[in-house]
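A.B. asks: Here it is: the structure, laid out below.
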Amino acid sequence: MAAKLTQEQVDECREIFDLFDSDEDGRIAAGELVTALRSLGQNVDEAEARRFLADATASGGGGGGGGDIDFAAFLSVAARKMRRGATEKELAACLDVFDDARSGVIPAEQLRQAMVSHGDRLTEEEADEMVRKADPAGEGRVEYKEFVKVLMNNK
């Protein structure tokens, strides 16, 4: 699976994996998978991570007992998630649906509601955090093209 990633992406995955491999045994706790993937800028929830992990370990890429995963399994999961990620243009087009006035601005509450009820659903807390990032002045509105840039730069 890693073959579909650029060398830069593989290097970034290695860097993140090594940060979480605190005892340097070549494995990270499966429970840290969500946090590690989010460190790569990937929006992933616990259920999705469990599915990815089950697929990776079933195909021989991980599980050494104790719920730990090796770099190959992590890279497999990261590659799968990264390939599913949307581009800036695709994200902007999705948010454009909420912009009836075609002003480039959408209500922050509408964005929050969309994040907790559609697609890869966020928790209320995660959605609140994203809205705070998107609307740092607390004006109740989000310039969605800038929000997309924030999302894409989290990688």
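Backbone N, Cα and C define each Cβ position, glycine as well.
Annotations per Swiss-Prot:
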{"type": "BINDING", "residues": "Asp21, Asp23, Asp25, Arg27, Glu32", "note": "Ca(2+) binding site"}
{"type": "DOMAIN", "residues": "8-43", "note": "domain 'EF-hand 1'"}
{"type": "DOMAIN", "residues": "86-121", "note": "domain 'EF-hand 2'"}
{"type": "DOMAIN", "residues": "122-155", "note": "domain 'EF-hand 3'"}
A.B. asks: Which chain-mates of Asp25 (Ca(2+) binding site) that are at least 6 residues away have a CB under 8 A from its CB, listed by sequence?
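C.D. replies: Once residues fewer than 6 apart are set aside, Asp25 (Ca(2+) binding site) is near nothing.
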A.B. asks: Any residues 6+ beyond the ends of the domain 'EF-hand 3' (122-155) with a Cβ under 8 Å from its own?
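C.D. replies: Result: 12, 40-43, 45, 88, 91-92, 95-96, 98-99, 104-109, 111-112, 115-116.
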A.B. asks: Can you work out which residues elsewhere in the same chain, 6+ from the ends of the domain 'EF-hand 2' (86-121), have a Cβ less than 8 Å from its Cβ atoms?
C.D. replies: 43-45, 48, 127-128, 130-131, 134-135, 139-145, 147-149, 151-152
A.B. asks: Given the model, what does the mean pLDDT over the domain 'EF-hand 3' (122-155) come out as?
C.D. replies: 83
A.B. asks: I need the neighbours of the Ca(2+) site defined by Asp21, Asp23, Asp25, Arg27, Glu32. Which other residues of that chain put their C-beta within 8 angstroms of the C-beta centroid, in sequence order?
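C.D. replies: Result: Phe20, Ser22, Glu24, Gly26, Ile28, Ala29, Asp68.
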A.B. asks: Report, as a single number, how many Cβ atoms besides its own are within 10 Å of the Cβ of Arg27 (Ca(2+) binding site).
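C.D. replies: Result for Arg27 (Ca(2+) binding site): 22 neighbouring Cβ atoms inside 10 Å.
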A.B. asks: Judged by the number of other CB atoms within 10 angstroms, which among Asp21, Asp23, Glu32 is the least packed of the binding-site residues?
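C.D. replies: Comparing Cβ neighbour counts within 10 Å for the binding-site residues Asp21, Asp23, Glu32 gives Asp23.
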A.B. asks: I'd like the per-state residue tally for the domain 'EF-hand 3' (122-155) from DSSP, helix first, then strand, then coil.
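C.D. replies: Counting residues by DSSP class gives 21 helix, 3 strand, 10 coil.
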